[in-house]
């Protein structure tokens with residue numbers, strides 16, 4: 001239910017988890033959603049509302065001093081917090097009771113505190129120091145984690161060796177094992193919910209954010225769709241699941257650690273859901289041919305679509321790949337992680353070719369606008385843009401990318417790799433950044449590829465269209481494009497699939513953070529109605 005990391009978060013990111021909690025299915029034993037708030041869940045912070053059953057106290061200031069803001073969300077603010085007597089530093093998440101508008105909001109906070117108190121001390125689970133409640137706020141004093149997210153270390157490091165991936169996976173699964181032994185299902189395991197205690201390489205990894213966690217009894221099944229889409233088990237979409245979902249999510253994280261992208265990826269929520277239901281794991285693209293067979297075997301067993309035969313946390317920890325992790329290869333698996341987390345760089349050659357086609361069909365006004373921008377950036381008036389020229393121009397477009405991302409973007413646009421952008425290279429990247437491509441442009445680009453007018457881009461048409469883009473018509477690249485874009489896996493690309501590719505980016509991390517729980521819940525119902533997923537309970 002919150003991030004106790006010392007790295008500031010945006011309001012959008014900080015508030016996302018709480019918004020999800022507001023949309024949970026109503027408990028039949030509590031007040032229904034469509035009724036006016038009762039005293040148990042007073043909407044506007046009504047005086048007398050008590051959220052916690054057993055708060056540490058009422059006066060936070062008597063023992064702790066709040067410092068600078070670490071993060072802000074819809075329901076509250078996380079501050080640096082210092083214990084007056086010892087000088088020890090913590091994170092304090094102050095949740096405004098005025099913003100707990102429904103009984104479900106109140107129950108979310110209450111349950112998170114109870115779960116964190118219930119869990120025994122563990123080196124890889126963030127600890128709750130104290131929980132105060134006054135007239136206006138609930139204050140959760142927690143262990144301060146200043147080492148950043150697991151995800152960010154993946155990106156910064158650029159790749160993981162198998163040995164490093166095994167060490168991280170062992171930690172994550174040990175957390176799952178501890179939760180399950182104490183009757184807690186996390187339900188939202190993902191790289192963002194694991195923080196490092198400090199910035200040292202030897203820093204312990206800590207599980208955080210128990211806001212979607214729930215107590216469970218052996219054999220109990222749940223129906224509420226929660227979690228983040230790329231880490232969601234198929235039985236969650238089928239609305240019949242138990243603690244096995246945490247092992248699935250840990251398996252998704254392992255897959256990402258080894259190759260840099262989620263195993264079930266698409267550019268639409270429906271595509272993601274369908275990929276999860278199909279549960280076909282790709283071990284063909286790089287760097288998988290270089291990954292050991294024991295590692296791939298563990299991924300397969302953790303991503304078993306049948307929860308009844310999926311490995312338990314205990315079985316995962318006994319798997320040879322983890323049991324003998326120090327014997328695993330310590331050779332880097334390449335730069336796949338960085339390469340695949342880069343939006344424009346990860347854009348496949350089909351999309352780049354399509355952007356060129358669109359550029360040729362721009363209206364005079366659109367073309368003039370881009371030419372004018374290029375001329376303004378080209379301060380030396382030599383028809384070429386340096387990185388500094390490009391950076392200044394992108395800022396003028398209103399895109400505040402960090403320099404590191406801009407460098408990646410420019411490198412991807414710089415087709416001839418001479419370190420500068422000419423006008424044609426600039427046109428393609430401008431269309432991407434400014435999202436100029438409209439439906440008419442996309443239709444023209446699709447028609448360019450669909451030479452036989454069948455309504456599909458077929459493999460032969462793809463080969464012919466990209467003959468100038470690919471040295472020797474590399475079959476691996478052709479097959480990779482089909483795998484990436486062909487979401488219904490019929491071996492060809494429909495207009496809808498092509499349009500989705502053109503309109504969306506490939507930044508799956510951002511998509512994960514912008515996830516709408518209600519939309520995914522509605523999507524589950526839609527897929528059940530159209531027969532994409534069955535109502536079986538396995």
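Using the three backbone atoms N, Cα and C, a Cβ is placed for every residue, glycine included.
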Here Swiss-Prot annotates region 'Autoinhibitory domain', and of 328-358, 359-389, 390-420 the range meant is 328-358
Sort out the residues at least 6 away from either end of the domain 'EF-hand 3' (437-472), same chain, that have Cβ-Cβ distances under 8 Å to it, and list them.
349-350, 352-355, 357-358, 361-362, 431, 478, 481-482, 491-495, 498-499, 502-503
Rounded Cα distance, in Å, between residue 378 (Ca(2+) 1 binding site) and residue 461 (Ca(2+) 3 binding site) is 37
In the domain 'EF-hand 4' (473-508), averaged pLDDT is 73
Densest Cβ environment (other Cβ within 10 Å) across the binding-site residues 380, 384, 418, 454 belongs to 384
Quick check: of the binding-site residues listed here (382, 389, 414, 418), which one has the Cα closest to that of residue 450 (Ca(2+) 3 binding site)?
414
Across the domain 'EF-hand 1' (365-400), DSSP yields 23 helix, 1 strand, 12 coil
Report the nearest neighbour of residue 461 (Ca(2+) 3 binding site) in space among the binding-site residues 380, 382, 384, 414, 418, comparing Cα positions.
414
